[in-house]
Amino acid sequence: MWGYSLCSGVLISVPLLPISNSSTITELVLVGFSNHPQTELPLFFLFSLVYSANLFGNTAVIILVAVDSSLQTPMYIFLCHLAFLNIFFSTVVVPKMLFNFLASRKVISYNFCIAQTYITLFLESTECFLLAVMALDRYVAICYPLRYLLIMNWTVCMTLALGAWIIGFFASVVPLYLIILPLCGPYVVDYIFCELPILLHMFCAVTSLQETVMAIGGAGTVLFPFLLIILSYLRILVAVMKIDSVKGKKKAFSTCTSHLIVVTIYYGTGLIRYMRPKSLYSAEGDKLISVLYAVIIPMLNPFIYSLRNKEVKEGMRRVMGRYKNETK
């Protein structure tokens, strides 16, 4: 049975779902960009290309580091973890979004919606800690170049990488499990995927406790890694300023440029979304921001880190050269 719902000031056709507890919910309406039906087909083709580029670029980074021993250094190992995270995040979000662009019923199953909420929160938290670990790696490389490989040995490298995943899990999934509540109708998700801030407005209870826990968790998983990144780069800046040659300074800064770009984009979109005044809030604006960090940024990361990186280009030439020799 179908009815109508007013979302973001636009009247759209949605299925009428029964008002009951979460145990009886089978699916929710996922509005996405259905308020602008004329854009759905072009967006389907555009996001399909972006998602394909994401899979190709990030997979290529992982394979290249795996097969070229000269790239198996801490920086590129951390980059592989970031590449895997990018693939995982987009795969949880994009295929369902693409399917709904072409579907007449814009719905998402309740179980998959909850799974999206857990997984995206987990991956967002993990990325914050992983970016902090990568900043720490650049700090050691520039401030202690002669002892870099001794300090950032294989054991330390893997401990930091796995630690980012473990801390991200316990800082996101565990608190979410404790605070998540049954959902109440109307079961309409005016977004492109299910995420905690969106579901928070659908809980069948007063959510002041959940909002407090979310704010505390956000401070721990976003602000703490961000402070570590800032402190690392302040120390890097002091160390670079002590380098006498201009060439040495440029070389030191060049090793940090890619990471700084990714951090700026990632935290910039987060600050725009969560720190802007309520007067500037709009559902459609939030959807565009979510497209940026769920679809566009995961595709850009391997190109930011790799295409302008001399070591990666040389690694690609070595791998391609070995492949050509083997096929002769």
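Yeah, the Cβs are placed from backbone N, Cα and C, and that goes for glycine too.
According to TrEMBL:
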| type | residues | note |
| --- | --- | --- |
| DOMAIN | 57-305 | domain 'G-protein coupled receptors family 1 profile' |
| TRANSMEM | 46-67 | transmembrane segment |
| TRANSMEM | 74-94 | transmembrane segment |
| TRANSMEM | 114-136 | transmembrane segment |
| TRANSMEM | 148-168 | transmembrane segment |
| TRANSMEM | 174-193 | transmembrane segment |
| TRANSMEM | 222-240 | transmembrane segment |
| TRANSMEM | 288-307 | transmembrane segment |
Interface check, the transmembrane segment (148-168) with the transmembrane segment (288-307), three or more C-beta pairs under 8 A: no
Contact set, same chain, for the transmembrane segment (46-67): CB under 8 Å, 6 or more residues outside the stretch: 76-77, 79-80, 83-84, 86-87, 90, 94-95, 97-98, 101, 291, 295-296, 298-299, 301-303, 305-306, 312, 315-316, 319
Folded-back contacts onto the transmembrane segment (74-94), same chain, C-beta under 8 angstroms, at least six residues removed: 47, 51, 54-55, 57-59, 61-62, 65-66, 115-116, 119-120, 123-124, 126-127, 130-131, 133-134, 137-138, 141, 152, 157-158, 160-161, 164-165, 192-193, 294-295, 297-299, 301-302, 305
Folded-back contacts onto the transmembrane segment (222-240), same chain, C-beta under 8 angstroms, at least six residues removed: 128-129, 131-132, 135-136, 138-139, 142-143, 249, 252-253, 256, 260, 263, 267, 270
Contacting positions for the transmembrane segment (288-307) when only residues 6+ beyond its ends and CB under 8 Å are counted: 47, 50-51, 53-54, 57-58, 60-61, 79, 82-83, 86-87, 89-90, 93-94, 120, 191-193, 195, 258-259, 261-262, 265-266, 269-270, 272-273, 313
